[in-house]
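> One structure, pasted below without further comment.
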């Protein structure tokens, strides 16, 4: 293998051009080029000279120099050699699909990417990005109306123009979609994009019904299914006949309803419920059980208390048995009487987009919910077909999808990489936020792990005291005996900003004492992790502000 330092590349497209130029040289079997590392690795016959390689790079306007030494990542070029010449079909264009497409090209494959709707998938278009923009706007409105500093900063009733907020939101969505999805695909000559709906013909070919009309058959060596998921609709009589909202419609509404009913008790339902409440809606949440009923009970209790303090009505153990829409008004029949609202948001989960794929043709196994069953390498029951993201039985987070897509591409081109989710962080963007990683106590006990735990309320965290906002807690779960940290649950303003430290601690198998011994910057929320760790053998109320 020959390794070359390449100076002058400014983007991934530059790396693609260098790769193409090198692989056009007779005798070059494969090349891997990395723009961030300013490096090319070339596997070639002995007849290929260094001067030939450097000349091909120079012809593109870049400067190359041969690197001398032992190279430890030779498997990367070996993978590319196996991937060279492969044709990979990818169904979808979201986080998993994009990560897989770019990695597959890097590994030497050519890619046909098929998208039936808008390029970019859920996250950038109708999920993470627009919802977080709306949540941020609602947070600003809330602070203008009410803050811990109202005694010295006069509170005001904000004048909210939802149409202008929506225009700002969608402009950023369009900008990110073009910069991170459309522009990247357009600039990569190894990726062909088809706009249409794909279904399997067999385990080596797809039929694509093109949006512009007609059909096209696409053959492949390997295929990745990354079709995502859509809002699930519960079987409530009358619901489908009514103009209810899912998160998709709620995020693009240009008005704020006076009364909003929300069916759901987890992430999407609660994030949007609070956002609409802060923008002016009177919100009522119908929870079949309690809020966040799958998590540690303290999480749901803390968020419920915070919501009720803001005037959001939370009806626990309440289900709608009938939905009607009469004279522009929703009427929900519940066990506690009728509930009336101007709009109804249904956010009870998401269902995988797999029904139209004809997965039975290649014999791909799905579970009872229609999610594709995969192993840690994203392999399905058919060796030619892989899957990643929300259409599978993995956790539905875009960063999990992207990591899965990358590993799927490596495995489709001859590698062997697994996705390890033992220290997977999760964040809910309510206020206070909810952030978790690893085991809850109940989950650990279910797996036969004996635990010890401590819960630190935020009135013991200097940053929270300085903010005059002590809502929430940080809970650490450790393995009894070893003292190893195995789980963290946090409810706190900006809890999402502290959880990654806990991820690294768990990933590196730190004990709670090792965590307590680390240096944490004073007056940061993440310092709460150190204080929580100290509670296993100290009373932190008796410590000075920044006691080590």
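A Cβ is built for glycine as well, from the same backbone N, Cα and C atoms used for every other residue.
According to Swiss-Prot, the protein carries these features:
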- 1-65: domain 'HMA' (DOMAIN)
- 11, 14: metal cation binding site (BINDING)
- 97, 117, 122, 132, 198, 390, 398: FAD binding site (BINDING)
- 123-128: disulfide bond (DISULFID)
- 545, 546: Hg(2+) binding site (BINDING)
> Residue 398 (FAD binding site): which of the recorded positions 11, 123, 545 is the nearest Cα neighbour?
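Ranked by Cα distance from residue 398 (FAD binding site), first place goes to 123.
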> Per DSSP, what is the helix/strand/coil residue tally across the domain 'HMA' (1-65)?
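DSSP composition of the domain 'HMA' (1-65): 21 helix, 22 strand, 22 coil.
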> Just to verify a number: CA distance, residue 132 (FAD binding site) to residue 123 (disulfide bond), in angstrom, no decimals.
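Cα-Cα distance, residue 132 (FAD binding site) to residue 123 (disulfide bond): 10 Å.
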> Taking the Cα atoms as reference points, how far is residue 545 (Hg(2+) binding site) from residue 128 (disulfide bond) in Å?
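A Cα-Cα distance of 37 Å.
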> Compute the C-alpha separation of residue 14 (metal cation binding site) from residue 198 (FAD binding site), stating it in Å without decimals.
31
> May I ask which of the binding-site residues 11, 117, 122, 198, 390 is closest to residue 128 (disulfide bond) if we compare their C-alpha atoms?
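Comparing Cα positions, the closest of these binding-site residues turns out to be 122.
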> Ten-angstrom check, please: count other Cβ atoms within 10 Å of the Cβ of residue 390 (FAD binding site), all chains counted.
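Residue 390 (FAD binding site) is surrounded by 29 other Cβ atoms within 10 Å.
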> What three-state class does DSSP give residue 123 (disulfide bond)?
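DSSP call for residue 123 (disulfide bond): helix.
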> Show which residues of the chain containing residue 123 (disulfide bond), separated from it by at least 6 in sequence, have their CB under 8 Å from its CB.
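Spatial neighbours, sequence-distant, of residue 123 (disulfide bond): 94, 95, 129, 398.
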> The record names 97, 117, 122, 132, 198, 390, 398 as the residues that bind FAD; what is their largest Cα to Cα distance in Å?
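Site span for FAD, by Cα atoms: 31 Å.
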> If you count Cβ atoms within 10 Å of the Cβ of residue 398 (FAD binding site), leaving out that atom itself, what do you get?
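By my count, 21.
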> If you skip the near sequence neighbours and keep only those at least six away, which residues in the chain come within under 8 angstroms of residue 122 (FAD binding site), Cβ to Cβ?
94, 128, 228, 229, 390, 398
> Looking only at the domain 'HMA' (1-65), report the model's average pLDDT.
90
